[in-house]
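Chemist: The structure is given below, and queries will be raised subsequently.
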Amino acid sequence: MASDMQTFQQPTLLTSLPSLRAETASPKRRVDHEAFGSPTLMPHLEELESGIYRPGQRESSLLSTMSLFTSYSKRGCGRAFLQRVVDSAKFEFLCGLLILANSVLLGATIHWQARHRTTGMPDGMHAVSFAFNAFFVLELCARLAAYGCRAFFCTSSNYKINWFDTVIVLTILPQLVADVLNMDATRFSHHGSNLRVLRALRLVRLLRLVRLLRVVRFSRSLQTLLHSIFVTLRDLFWAMLLLALLVYMFATAFTEAVNRALVISPDAFLPEEAAALARLFGDLQLSIHTLFMSIAGGLSWVEATNALQRISWCWVYLFCSYVAFSLFAVLNVMTGVFCNSAIKGAEKDQEMAVQALMVDKHELKNVLTKLFREMDVNDDGSVCYKEFKQCMQDEKVKNLFEALDLGPGDAKQLFKVLDVNK
């Protein structure tokens, strides 16, 4: 009888082995595949494959192997739960709200320091700032634990944002350590190097304001504006280069003319006139500054032409030509190029296009729902063809269907498509 049981159990074990291996290797189960190389798990798998067990060890080995698989599965489930938490809309909203609150706190701290002419801060602000810093560090650790370093920094769709958050949070760590050790500038006022380090840390904290860009994802309008700005950065570079070349060419001409006039005939100018020319066009840097301010609103071009009038009217006309060409030609063309680039960039962005389509569909659904409710004269929850045809005589309804590119025939076909009693 015992031999019969052994002959029966051995095939059962061997036939159950492939199913066990298939389940553990299946990608549908949350099992960490690195666990298969574990020194703790490999001996059990080797004993399973060989089928060699010492007496009474078969059941214990199977149980220990399954318990290991269970522990690794639980670890995978924990990571999946953590991923669901950090990817949830509520968690993202909480992080964005805290980033916004931290930026407000930073501004309030700088304002308080400027009003009291100090580099310290009240104990309440210090405690709240420490809480914000600790939360941001824990947030980064949670995201790293949820995805792993490779997925977080390399393969994730938001890996650029992850790198950006990591750099910002790394600037928080020194200040967080200083807060934990209760270090401030007064304790290190006698050590110049330490004081310079703390001042540098306080300047670096301004980088945290850049994290406000993460809040942009909650507003479609802000996303559109920022995306349009980023799309036009390349055009902005070439536009600024063109404007710089234009200003440079005119600046060299005006600087040369003013310098020759002041050198050749210095007695021809009153002291205040010579001082005005030297202040506006005394060297190439001052001339570039004057020409740029004349078209950017920083300086009235009348003041510059009044100074050049003492040299010759030809230079006055040349300056007026520069202002007219820059304002009416160059800057207007730049504006048109920026607008065109922004529109094309918004059209090419797939995510923004999908969001715009969803918004348009939602608005269209609301409009049509309101329209059919108005068609339901009897208020019985349905619209007959007679009511539909009568409503089509309304000018407002006609305009609506024309806006949707639907003519009278198309409207009739639409009713047939929506007819539930056909």
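Every residue, even glycine, has its Cβ placed from backbone N, Cα and C.
No curator has checked TrEMBL annotations; they are predicted automatically.
Here's the feature list from TrEMBL:
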- 91-110: transmembrane segment (TRANSMEM)
- 130-149: transmembrane segment (TRANSMEM)
- 236-255: transmembrane segment (TRANSMEM)
- 284-302: transmembrane segment (TRANSMEM)
- 314-334: transmembrane segment (TRANSMEM)
- 363-398: domain 'EF-hand' (DOMAIN)
Chemist: Please list, for the domain 'EF-hand' (363-398), how many residues fall into helix, strand and coil according to DSSP.
Modeler: 24 helix, 0 strand, 12 coil
Chemist: For the transmembrane segment (314-334), I need the partner stretch with the highest count of C-beta pairs below 8 angstroms, choosing only from 130-149, 236-255, 284-302.
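Modeler: Comparing 130-149, 236-255, 284-302 against the transmembrane segment (314-334), the winner is 236-255.
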Chemist: Sort out the residues at least 6 away from either end of the transmembrane segment (284-302), same chain, that have Cβ-Cβ distances under 8 Å to it, and list them.
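Modeler: Contacts of the transmembrane segment (284-302) (Cβ under 8 Å, skipping residues fewer than 6 from its ends): 247-248, 250-252, 254-255, 258, 319-320, 322-323, 326-327, 331.
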Chemist: Taking residues 6+ outside the transmembrane segment (130-149), which of them lie with a CB under 8 Å of any CB in it?
Modeler: 79, 82-83, 85-86, 95, 98, 101-102, 105, 156, 162, 165-166, 169, 172-173, 175-176, 179
Chemist: I'm checking region-level scores; what's the whole-number mean pLDDT for the domain 'EF-hand' (363-398)?
Modeler: 73
